[in-house]
Structure formats: structure tokens, C-alpha cells
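Visitor: First the structure, which I've put down as C-alpha cells, then a few questions once you've had a look.
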Amino acid sequence: MPLGPPIGFHYQGYDTAYGSIGDSAEDAVRGTNDSAVESRCSAVNLGYFKDDYVKFFTRRTNERRPPIINRGSYARFMGFDIFINKFLEAGDMNKQIVVLGAGSDTKYFNLKQENKQPFKFFEIDFPQITFKKIQTIKRNKQISNLIGDYEINNGNTELYGKDYYIISEDLKFFTTKVVEKLKQHGFDINLPTMFLSECVMIYMDPMDSDAIVKWISDNVPTAMILAYEQILPNDAFGQMMIKNLKARNIELKGIDAYPDLEDQKKRYLSRGWDQAYAININYFFNSHIDPSEYHRQMLIEIFDEIEEWKLIAQHYCFAWAFNTKNEVYKNIFNDIKFPTYSLSIPKNALPKKMGSKDDNMDVDN
């Protein structure tokens with residue numbers, strides 16, 4: 001098994017592993033939003049999944065990413081899509097979704113288009129990010145008409161609709177500032193609530209991200225969280241990943257605190273959550289996508305980066321947890337899990353067996 005990235009392999013386009021260098025580390029982190037949108041747009045254009053709104057948030061609408069990047073965008077989309085839909089279908093009651101570090105996220109628009117949006121949908125990000133998003137919304141009737149009536153406030157950095165809210169704030173002030181803003185706009189701690197974090201808490205000082213995790217556990221009795229993050233910083237590939245990021249002024253502040261799947265689960269269990277799970281993306285891709293859907297995406301473009309894909313996918317994970325302290329909704333999360341399939345696929349479509357302890361994936365699902 002290779003001890004690091006293959007010779008000549010670069011992280012161009014793989015989400016947070018690239019981005020322009022700004023005036024500060026925070027500028028560099030914010031810059032990853034644009035790169036992620038471009039990667040998502042590439043996957044959408046090729047037909048990996050549907051998103052009618054991502055094209056409005058990038059100027060590079062026709063830029064095609066390498067197949068390995070498109071597969072990464074697809075796997076990430078599928079994981080969140082499966083859980084969001086299961087959450088919204090669980091029980092007949094009002095629900096809320098809170099997206100931490102939403103960036104140019106389009107989930108609300110796609111849900112609203114299908115009339116599946118929750119009772120309240122909140123997004124939180126830096127003012128610089130929310131300002132750009134609101135300007136995009138104002139410019140495009142297809143989006144603004146979908147939202148309906150809304151008010152813009154706080155220097156064009158916040159938007160308040162009937163069921164959709166954009167809040168501008170640094171997440172390190174979650175307990176002191178963000179919570180109050182959420183409550184001002186109808187956030188109800190007693191409603192079943194889903195929190196989403198896509199490569200967000202990994203950039204935060206663990207003390208700040210832990211404060212968010214702890215606050216939710218203590219104050220939202222019926223809650224779940226789904227996070228997508230990098231893991232395994234200590235092997236050769238992980239060290240190279242971190243080195244490449246640092247060269248772009250990007251630091252994964254949380255990766256050493258939660259370096260593997262077991263630590264990802266402990267992050268929640270040690271802060272009062274009732275259940276916690278974690279799987280790497282390689283396992284998710286091969287075990288939790290419907291076989292017909294798996295075959296469909298395999299036919300979209302030629303994919304011969306098998307070894308590289310397995311290596312990268314083992315260094316990203318989904319981690320999720322449930323808080324079930326309200327007896328009224330105690331069973332609401334019972335069916336929220338990734339379905340497991342036994343795929344019948346051509347042998348040459350799967351990664352080759354590698355003689356490494358990484359093949360014994362730490363899975364709790």
C-alpha cells in the first residue's frame with residue numbers, strides 16, 4: 001500500500017484541500033467555499049445528482065473537475081441527502097434544520113422546490129459569506145421567488161423569511177451570540193432539530209466546536225447532528241494532506257482532537273449525546289448506496305483512480321449523533337440510519353485489496 005499520495009497526485013479540487021491564500025487563515029478557510037461550489041457544480045453538470053441552484057453561486061459553471069473529485073462530491077451529497085430526507089420523513093411534527101457554516105449551501109432551495117422544507121431552516125456563516133449569498137439571492141428571481149417574502153438586515157448580511165433564515169456570525173460565538181439570534185427568529189429548542197456540519201467544525205478550535213456540541217446536548221432534547229470531516233492525520237497520507245493545506249494557509253484545527261472514527265464518536269458521547277456513530281467515506285460509498293444508483297453513477301465517466309480514491313475516502317468520514325432526552329419524541333430517530341446493501345459490482349470497479357490495517361475499517365452503524 002502506498003505510504004502517501006501517489007507521485008504527481010495533487011489535491012486540486014478536492015473540497016477543503018485547496019483554496020486561494022487570503023490575508024488571514026480565516027480568509028483561506030472562507031475561500032474553500034468557492035472551491036466546493038465549483039466541484040459540486042461539476043458533478044451536477046455531469047449528472048451525478050440534481051441541484052438546480054448551485055450554478056447561481058459560481059461563475060465557473062462549466063469547469064469540469066477530475067472524476068475523483070466528482071465522486072467525492074457525489075458521496076458527500078448522497079450522505080447528507082439520505083439523512084436529511086429520513087429526518088424530514090420521521091414523524092408528523094414540525095422540525096428544524098440548522099446548517100453550521102452554510103456557505104453557498106443550496107439544500108433549502110432544493111427542499112423548497114420539492115415542497116419538503118422543514119418548519120424552520122437556519123443557516124449561519126461569516127458576514128463576508130452571507131453578504132455574497134444574499135446578493136446572489138437578490139439577483140436571481142428563481143431563488144428569491146422560491147423563498148417568498150423576506151427581510152434583509154444587518155448591513156445586507158442577514159435574511160429573514162417565513163421558513164428560511166440566514167444569520168451572520170462567527171461560530172466561535174455560538175453560545176454567546178448565535179443562539180440568541182436563532183431564538184429571535186423562532187428557533188424552538190423543543191422541536192426535533194437536525195444540525196449539519198460539512199467540513200466546518202474541523203476548522204474550528206476544538207474548544208469552540210465542543211461548546212456547540214455540548215450546548216446542543218444540554219439544550220435541545222430532541223436533536224441529531226451529521227458532520228463530514230477529515231480524519232487520520234498521523235499516517236503518511238494524512239501528514240501530506242495537512243502539509244498541503246498549511247501551504248495554502250489552511251489549518252485543520254480539530255483533526256488532532258478527533259483523529260479517527262472512535263474519537264469522532266467519543267466527541268458526542270462524552271458531551272451527553274445518547275448515541276453516536278462514524279464511518280469513513282470509502283465504507284459509505286461501497287455499502288450504503290443503492291446498487292442501481294451505484295451502477296448509474298459508475299457509468300457517468302471513466303474512473304481509473306481506484307487506489308487514489310480509496311486512500312482519500314479513508315481520510316474523510318461521516319459522524320452523527322442523536323439526543324433523545326424528550327420522551328415525547330424518543331423514537332423519532334429509530335429509522336434514521338444509512339441503508340446497507342450488498343453490492344454486486346464488477347471486480348475492477350472496486351479498490352484492490354491493500355495489506356493495511358486501514359482495510360479493517362472502524363465501523364459502527
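Each position is counted from 1, following the chain as shown.
Placement of Cβ uses the backbone N, Cα and C atoms for every residue, glycine included.
Curation plays no part in TrEMBL annotations; they are all automatic predictions.
Pulled these from TrEMBL:
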type: BINDING; residues: Arg76, Gly101, Asp170, Leu171, Glu198; note: S-adenosyl-L-methionine binding site
Visitor: Given a 10 Å Cβ-Cβ cut-off, pick out the one of the binding-site residues Asp170, Glu198 that has the most other Cβ atoms nearby.
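Guide: Neighbour-count leader: Glu198.
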Visitor: Are there any residues in the same chain, six or more apart in sequence, whose C-beta is under 8 angstroms from the C-beta of Gly101 (S-adenosyl-L-methionine binding site), and if so which?
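Guide: Set apart from Gly101 (S-adenosyl-L-methionine binding site) by at least 6 residues yet with Cβ under 8 Å, we have Ile124, Asp125, Leu171, Ser197, Glu198, Val200, Tyr203.
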